[in-house]
Structures are given as C-alpha cells and as structure tokens.
Amino acid sequence: MATSLSSAPTQLRPSPSPSHHRLLHRSSLLPFPRRHHHRRRRCGALSIARASASAKDGVTVRRFPAAPTEGGRLAGVRKIMILGAGPIVIGQACEFDYSGTQACKALAEEGYEVVLVNSNPATIMTDPDLAHRTYIGPMTPPLVERIIAAERPDALLPTMGGQTALNLAVSLADSGALDRLGVRLIGASLPAIRAAEDRQLFKQAMDRIGLKTPPSGIGTTLEECISIAEDIGEFPLIVRPAFTLGGTGGGIAYNRAEFEDICRAGLAASHTQQVLVEKSLLGWKEYELEVMRDMADNVVIICSIENIDPMGVHTGDSITVAPAQTLTDKEYQRLRDYSVAIIREIGVECGGSNVQFAVNPADGEVMVIEMNPRVSRSSALASKATGFPIAKMAAKLSVGYTLDQIPNDITKKTPASFEPSIDYVVTKIPRFAFEKFPGSEPVLTTQMKSVGEAMALGRTFQESFQKAVRSLETGFAGWGCAPIKELDWDWEKLKYSLRVPNPDRIHAIYAAFKKGMRIQDIHEISFIDKWFLTELKELVDVEQFLISRGLDQLSKDDFYQVKRRGFSDTQIAFATSSSETDVRLRRLALEVAPTYKRVDTCAAEFEANTPYMYSSYEYECESVPTNKKKVLILGGGPNRIGQGIEFDYCCCHASFALREAGYETIMMNSNPETVSTDYDTSDRLYFEPLTVEDVTNVIDLERPDGIIVQFGGQTPLKLALPIQQYLEDKKLVSASGTGLVKIWGTSPDSIDAAEDRKRFNAILEELGIEQPKGGIARSESDALSIASEVGYPVVVRPSYVLGGRAMEIVYNDEKLIKYLATAVQVDPERPVLVDKYLIDAIEIDVDALADSVGNVVIGGIMEHIEQAGIHSGDSACSLPTRTVSAKCLDIIRSWTTKLAKRLNVCGLMNCQYAITTSGEVFLLEANPRASRTVPFVSKAIGHPLAKYASLVMSGVTLPELGYTQEVVPKHVSVKEAVLPFEKFQGCDILLGPEMRSTGEVMGIDYEFSGAFAKAQIAAGQKLPLNGTVFLSLNDLTKRHLAEIGRGFRELGFNIIATSGTAKVLQLEGIPVEPVLKIHEGRPNARDMLKNGQIQVMVITSSGDALDSKDGLQLRRLALAYKVPIITTVDGARATIDAIKSLKNKSIETLALQDYFQTTDASQNLQAAQSAS
C-alpha cells in the first residue's frame, strides 16, 4: 500500500498549520527554520513616523516646513503638467504608463486641468480622453519649454515619468525656464532631486545623518576615477553613473582595463558627466524599502523587498521577494528608521521614494546604496504586491493632501496613513532576451538588462516562487520537474553558473541539488542566503517524493501538500510519468481545487471592496463570482521583445469598453508593470500565470459569457486551442445563464488556419492572393531544394513565432546549412519556412477590423521606412503611406477584406505586404489578432480600434458603432522603434528580420519630413543640421550612393568615405574626402569618430551575417559616442528629408486633441454602448 505524504514518518511531512506548513527531512526529522514566512503588522494603529521622533542608532532627523495649502490643496495651482517616461527601454518600462495613468486620473478627479507630455503612443496615458491636453512628441527641454509657454501650467509633476522626466525637469529648472514661466515643481523639489541623484550630494547627506555608504569617490573625468580607484585600493570596484536609468553606463570592474572602459561609458551616459566609484559589496544582501511622505511630515513604509540575488546584480535583474524574508524584526525596524531619516534628510516633501540598502550577512552592518526620489520600477511592484496605489497617492500628496486625508480605495474604511500589512508572499522574476543579441554575454551586473518581469502571489515563498517561474513563459511549468540542460553539465560549468550571476542561475541551483550538492556549498559559491536555498531544497525533496510514487498512489492530502508548494499539474505529470490531463482528472476526482484569496492591504482585518485575487490551495475561497454578464480577458504576461505594452494597451481598452457596455470584466495577467493589472482597470483581477491549468481554474470558478484571447499577443493565442477543447468537453454554462462559455471573436480554428502554413497557402490560392515563392522545409535537403528553386537571398524562420524569433536572411547554401544546424534544429516536428527575399521591396502594414456579420473596415495602412526584410517592429513607418500608388493600395484593401471574410475574423486582423520595385504586391503574413501597431494607428486616426474590436466581439456591428469606412487623416504620423543596443556590449546594431526593439515613439506633423524628424528626436537620435557625414555603403546598396551623397551635400554637409565608396562618389562628381579603414592605418574613421569630426554616419551591410570587423567596430563606436548612425538606404533618404525640414522651419507643437478638434476621440462608443 502506498504511503501518503502526511502519514509516513520517514517521508516528507507537513506541520499541522496549512498556512505555515514546514517539511520534515529523513536526515534530521526536524523542521527547517522558516524565518519570516510573511511579515504581518496590525492595521489598527496609525502607522506614521513623525518628525518629532527621537534619533535612533545615531541617525538624526530634520523637519521641513509644510507648503501653503487651501483646504488640503496647494494654493494657486489649477493646471498641472505631467511628464511621462517616453519610450519603453530597458530599465524604464510600462510601469510608468501605470503610474502616469494613475496620476492623470487622480489629479483630474480632484478637479485639476491636466496637460500630459509623452512620446510613447503605446500607452494608456496618452489616450486623448485621459488628460485635457495630450502632447505626443519629443521630450527635449526646448520643445517642452515651448509646450509650457503655450499651456501655462501652474505646476510641473516630474515624479511619474521615471528618470526621463526627472532629468528633463532638472534641465528645465537649470535653464531658468520654470522660473521665467512661473511654474513650480511639485512631487519633489529641485534640491531633493539633486540630493538623491547627485552621487556626491547623496553621500554627504548620509554622512550628516550618520549612515554609512560604501567607501567611494566621485569622478567627473577618467583621471579622477583612476585616482579614486587607487585610494580605495582593491578590485572589484562598482561604477555608478549619476542621473541615469537602470544602471546605464555602469558596471563591475575586476581589473584596471575593465575599470577604464566602464568609467568612459559611465561618464558619457551621465546627465552630469559624473560617476560614483565605490568599493564592491559583492555577497552582501540587498533590500529595498518603499517610503511615502506628506507635507505634514508623516512618513509610512509601504513595503519591504528583498533581493534573492546578493549585491552586484541590478535590482531590476534580481529575483525579488516581498515582504523581506530573512530580516529579523530588529533588523527590519532599523532599516525602517533609516528610511524615514533618509527621506527627511533628502527633502522629499510629498510623494514616494525607494531606498536601497546592503546588509553584511556576517555581522549585520548596513550601508545605504542609493535612493530614487520618485515613483520607480519597485514602486509599481510594491503597489501590485500590497494593493496600495503608490502613484495615485503620490499624485494626491503632491497637491497638498496628507496621508490621513486620503482614503484607501481597497478597504474604503482605512486612510492611506495605515501601512499595508500582507499575509502572503510575492515573488518577482525578471525575463531576459540575450538570444536576441548575439555577441553579448549573458552575465548580470549593476547595469540592468532584463526586458520584462513576472510576479506571483502565494501563501508561502515556495508557492509564489513556483508560480512566478511558471509565469515567465520560458518553457518551464515551475521550478524543476523538467529535463533542464544544466543537468548534463560537468561540475566546473555548473559551479561557474552558480558563481557568476546569469539569467539561468536558478536552474543551475536545481541541477546542483539534483547532483547532490549541499546547501552550504551552493551558498559559499553563490552567496544566496541559506534560507532561500533551504526552501528550494525542500522543493527538490518533494519532487523526489512524487517520483517515488505513481499518480494513483497520491492521496487527497498529498495533492494538497504538493499544490501548496506551487507544483503545477504539468510538473506532477512529469514526476509521476503521466499526462497533465491525467493529473487534472485525478486531482478533481479527489476534489482538490484552488481557492482564491484577496489582496486587501490589511491582512483581512477589513473587508476589501476591490476584488484583486490570487490562487492558493487552502480551504476558504474569498472570490465571490456573480451571475452577471461577464467577460474574461487574458493578458500578455511578462513583457518581452515582440510582445510588450502595445498588447496590454489593447487588453485595457477591452476592459474599459465592455465595462461601459454593461459587462463585468475579469482580467487575468501576471505582469506587475502594467495598467491591466491595476486594481481599478477591471471589475475583478486574477494575478495568475497564463497557462491552461490556471486559466481553466478561473473559467471553472467564474463561468464567464466570453473569453477574449486576441488582445494579449502570442501568449493567449497559444492557449486558444486547448481552452476551446476544454470548453467543448465540459460544455460549461455561463454564470449569467445566457448560454455556454465560449471564446469570443475570431475562432481558434481560424487563428490556426492563419498560422499553419499549409492551410494558409490553400486559402490564399483559393482567394487569388499572391505571396513570395517559398515552401515548408522539414529537413536540410528540403530547405536547400526550396532555396535553389526560388533563388537567394531567402528569408528563413520557424513556424509559429512572434517578434521574428530566429528569423534570418541568408545568401547562400553555406549560411543556410549553418542556420538550420544552429538556430532551429529543423526536423519534421519543427518545420522551417523558406521564402524568397524581395530585395528593395517596400513593406506595408495593415490593421483591419471585422464584425460578426462580414463588415470589414481598414483601420490604417502604414508604409515602412526601411525596406522589407527588416522586422516590422524595428522599422519606422508612416500613416498615411507616402510613395505607394493608388493601384497598389486598392489591391491591398481588396485582399485584406477578402482574407478577413474568408477567415471569419471577428475583431482585429493585421496583414503585412511587400511591394516590389516593379509594382507587384505580395502578402507576407496575416495575423487574426491585435497587432503591436494598434495603439499607434488609434492615435493617428483618432479612433480607438481596440475598444471597437471588443464591442464587435460582444455582438455589436460596425455600422452600429458608426465606424464604416477607412479614416485617412490629413496629418502624417510616424512611428519609430527604440533599440537597446547600448545595454548589450559586443552585439552588432544592424537591423534584420528578428525584432530587437523594446519600445516606440511617435511624431505627428502635417508633412512627412516634420513627423519623421520629431520621431527621430523623440527616439534619442540627434539630427545634426551641419557638419561631416561618413558614408560607407556595401556593394548591394552602392547604386543608391550618388543620391544619398548629393542629398547631404545640398544640405551643406562635408562627406568623408572609405576608398570604395569615395571612388563611386568621385565618379559622380560629388566632393568627398577619402578616409582610411581601421585596418588600413591611421588616422582612420575610428580616430575621426573619437575626435568628434563625424556628426552622422551612414554605414550599411549585406545583412547575411556580421560584416567586416571594421563595420562592427565603427557602428559600436558611433553608439558609444552618441553619433547618429543610419544602417539602411531608405533610412538615409528619410533622414535627409528630416534635416531639410529642421533647417527650413521650427518644430510645431500641437496637442493630440488639436489634430482631431475633440477632447474625446472615442465619442463613437456612445452608440455602441446603447446598441449592446
């Protein structure tokens, strides 16, 4: 007879308490120490630290006088300008759309007129109905000053837009613009910003209140930095630039050469050409505290966060846990007192701040690392972890309210001055994209490199950790119980992966435990606290227990104990050699199902009015589903390259529209950065992994009328077929009783038809739609045969990808064979698509909208600036098109309409076309879902396409919406991609078919040249109006050289070029100065770049691989010296037009509302809501 988990004394055994269970081990039969499973403080007492508090531990505190107010509001303030964060970049992602959106709503709620400045069209905050005036364009001091002069706001709030907004505010103050225009800074004063961001001033402030900082010095030149390093006396050293984002330009130096390289980069990246050189605290533990202060000098601690990775890894790249788990209560109180003293000393009078500490695990010594005097990435995490809306509260504090005057939105009974108390554990794990940047080393340092993150909540650390791993969507259903590659590594390789921080270190820990390494040994190599390692070792022991049992031997109690440790059905299936379906059926037969707990800010001491849920395997369920009409919207999970904020934007619009139309909306997502996971975006929020198991659990509980899968990108689309199969098997009746639960919009079968190459080819042939010649290869010989038939170059990619993953243009058999062997491992189960690459073709993007009765409307037709072959997500594009003939546009409209009808699209569809130089049109791909261009198109045409699409899915027709024909605006909108190359040393910056951009900006003007110029400036590309241009074009593009050369000469630029390019220009009669290539001698192009003799570079490559070493070096050097670099001919043409526009006229600044003469671009929704 099988022994159960709960009955065998020689097996793993839980303690009686379900929420504080421990495991017993064979070896000791003693419970492992479980220190601070969660920290819970009572909500009853007013948890405010006041200035009258006496100094503790040698820490002194200061009081600042409160600003004058009018009944809780700042005197004389009626109109407020909010600065956004600009495009999504590494270190500054959609958490600032979340904070900016909260701030806009909070201030409008208080009756203020809000003016918003932001360059990112993919944000909710830039919707024209959120602020009274919305400016989408470059965020540079001169242009923002002109907007301030036009709008005349009374105050400027810079603390909601990350480092971008803070630096911009400092520049405006330093230039005297704010004083000249009578604008006051709110949220954080200029002295407070300087004291926190300026490394020297911060260090002095800490010295004044008796707090330690690491031994360090401030350098403004390389020579000063070297002198500081000599004074400190030993490597490794940490370099931290001032006024930068995500540790940009910083790093860890282990020797003199590395140190000098990092210092050069740091000085160039710093807003003030200042870096902090400090002694390394590698191996110390790192903690963060989120702090808020009001004008009456009340201070509350919102949340403590602990980094599992020790010091040396940027907190954005570290796995973090809230509340802190390994602090004693005395240690926590000490950090709390220090945080209060710091926020007062720095002078943040009203709003939130993030304070980071290092603690020596040997003796408890504490050092202060840094402080952010603004809403930060950690603030968003703390908000989602606790349910306390930090950004909203910070916005209200900035206009004079005190914490005890602001009600808690979740409880409705407590004020914001009650510190949140939580009875669960939150784990955040970052997501990386090193595979997108070949040549870059996957090592984590003080410079942030992650592109997204997933968060999970559980009653224990183990449960939340496993759910967070599952939420990452990197192929793991949890931690362990999988055939990971690290199990095959030798000891040296495994130890290296444990010692050197990297994205896969958690899997190396699993492999080390499986191979028999002890907790102490892993701790000594990795410096990860033994408490966390003990928790992880228990999970390995539970897995071993499962392996020793068959599925049918697991009792109900066994299931509960295993599920409470976060194990998914997939993991249990792997360990018990069964299938996920078998596990689910067995679990449900034993009546083991998750319950849902509420995030309520007060550990259940008060009733929560806002249903914000997470799952756990306990006995009481706090989710109370209704029998109203309702819709479940599946989000996009963690941000990644190819699937980012644009999809979250669509999910939010679906929730807004359907709530307005009378539906109860339920959001399910795992991304803490987003607006979709804000507590008030939907009627109910389930913060859960997006897997078949977790989604079907919510479906079983809620039984919604509809499920929306087409807005969250590839994540929910991959779930569509298994969810459809589940619904067909279960035949669940919706809670409202109006019919069966079903997937709304385009059917999963139609989605599959568009993704399956064979089915899709048959549909195109039936409709008479042309596509590039190509085929499906299931072996190397297949691929070579197809390439021979269609002719090189060819585009090769795996089927079912998003963001051009593993896509490449290859030019010969040798490169194709290498691609098949290294990039995709082609076989019959993993076919590869091989298509003819259309040289010099123009690429077109189309977003269309279709309803359930066959009406189709073109939302927008965009023309890419770069040629076909560069991923659409990395290419700039314009709307309307500028060079496409009416005939080609008619073909595109006809084919898009026919395809939407044939696929029975209900909702959004995106199509991509290529137009050859001879005017032939080819369809490249079609996606019956929301695309990443939907927010851009919506802003460009003044119609909220995602809102329309969600209403269409509910049964409203396009005529009922009043949206029946394509809108072609009089103005021109240009979208430009923002790329993160400066974060990935060693990788080339050439663009290709694999997407690598992290974000986007938008420029709007009545001429293309002006719109393109605005987009370039907004993306950080400084366009010079004169100087010297360096030209180096490869043989494929030299035929365009004369045109490009003449264009720059007509603008007054001098031209320098490498020998081959110079000869072509001289033959065309264009003046040019030849320059040596790097390998030809000196002075060469590299020397001229370093000497500041080159203002703009045009340098192309064949794109079949990294080109000559010279080209790679020059491109990387141009990036380091912030010289604009253009890598395509079409990009060079557009840049010439843009510079001409900038020379001929000043940049015009208009609000989005001015282009549409309305303050609400979604007014057509009124008819739809009444119709539905």
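Heads up, the Cβ atoms here are built off N, Cα and C, so glycines get one too.
Features reported for this protein in Swiss-Prot:
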BINDING   Gln356, Glu370  Mg(2+) 1 binding site
DOMAIN    761-954  domain 'ATP-grasp 2'
DOMAIN    1021-1162  domain 'MGS-like'
REGION    1-37  region 'Disordered'
REGION    72-473  region 'Carboxyphosphate synthetic domain'
REGION    474-623  region 'Oligomerization domain'
REGION    624-1019  region 'Carbamoyl phosphate synthetic domain'
REGION    1020-1172  region 'Allosteric domain'
TRANSIT   1-50  transit peptide
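Applying DSSP to the domain 'MGS-like' (1021-1162) sorts its residues as follows: 64 helix, 19 strand, 59 coil.
DSSP labels the residues of the region 'Oligomerization domain' (474-623) in these numbers: 77 helix, 10 strand, 63 coil.
Within 10 Å of the Cβ of Glu370 (Mg(2+) 1 binding site) there are 18 other Cβ atoms, across all protein chains.
For the region 'Allosteric domain' (1020-1172), the model gives a mean pLDDT of 83.
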